Amino acid sequence: MTDATTISPLDQARILSEALPHMQEYDDETIVIKYGGHAMGDEDTAKAFARDIVLLEQTAINPVVVHGGGPQIATMLKRLGIVSEFAAGLRITDAATIEIVEMVLAGSINKQLVGYINEAGGKAVGLCGKDGNMVRAVKATRTMVDPDSHIEKVVDLGFVGEPDKVDLTLLNQLIGYELIPILAPLATSKEGQTFNVNADTFAGAVAGALKAKRLLLLTDVPGVLDKSKKLIPELSVKDARKLIADGTISGGMIPKVETCIYALEQGVQGVVILDGKVQHAVLLELFTNQGTGTLIHK
């Protein structure tokens, strides 16, 4: 991106003028941001993201951040000699793995991001879905077709869960005190078992419960692409379902779009899939006329 020192004062004024109506639109609204992908491993990008979150809070927006951590979990498991298997895009999580997942997500990544935001002048609080029984989960189930027998079988994913209930008591208190919640995607069952939850799914459940103005899913790709690999800037739910059916939306993008649809059905006003590797992607989406990424709406 262009360095700020090369922008003329007049251009800087125009940028601020363009941002004003968007700031007014989001005044006192809640924005849930899922921060993930390999951009999390780049310190400069992570710190730029933290500054952007503080800017949102300073402009009377209520940001709630949910972070992932797949690459960092993989690195730690490899260091400890633990081999991971995946099924239907989800990490099969046994008893040994869930301990490492919780350590990396709730301990390392969460507190690092809290530190970056506080360093930038914000007041962030690091939590996971277990805190205050914020997010209850049920065991996730997936089916796969056996390549030899062609019979569909249920896959045991271990301690992988899906959100079942979100209690907003703690989140609403934090937002009311102008604190910035930073959430690791861990949850507990009603029996007290810890579950690893896909970060996109977790963010969608939280955004839906909060009836957020926007859910932003930061990923490693520019957004939803058409068959010629060009960005689709805007999609209705109906069109998104058509693109899944005809194979335009495929692979790992399918569960992301399904999360978007779920969040919209729960009351979120708009969901955007955008590239988290682009510095200030959140600001570009919220405060410019052209935005960035793919907006999905009803």
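Each residue, glycine too, has its Cβ placed from N, Cα and C.
For K34 (site 'Transition state stabilizer'), the same-chain residues that are 6 or more apart in sequence and have a Cβ closer than 8 Å to its Cβ are V65, V66, H67, G68, A199, D200, F202, A203, L215, L216, L217, L218. Summarising the annotation, Swiss-Prot assigns site 'Transition state stabilizer' to K34 (among others).
Positions annotated as substrate binding site by Swiss-Prot: G69, G70, R91, N196. Neighbour list (G70 (substrate binding site), Cβ cut-off 8 Å, at least 6 residues apart, same chain): G36, R91.
The site 'Transition state stabilizer' annotation in Swiss-Prot covers K256 (among others). According to DSSP, K256 (site 'Transition state stabilizer') is assigned to a helical segment. Residues near K256 (site 'Transition state stabilizer') in space but far in sequence (CB under 8 A, at least 6 apart, same chain), listed by position: D200, L217, T219, I273.
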Run through the Cβ atoms and count how many others sit within 10 Å of the one on G69 (substrate binding site).
24
Cβ within 8 Å of the substrate site's Cβ centroid: which residues qualify beyond G69, G70, R91, N196?
G68, I73, A74, T93, V101, L105, N198, A199
Quick check: in three-state DSSP terms, what is R91 (substrate binding site)?
strand
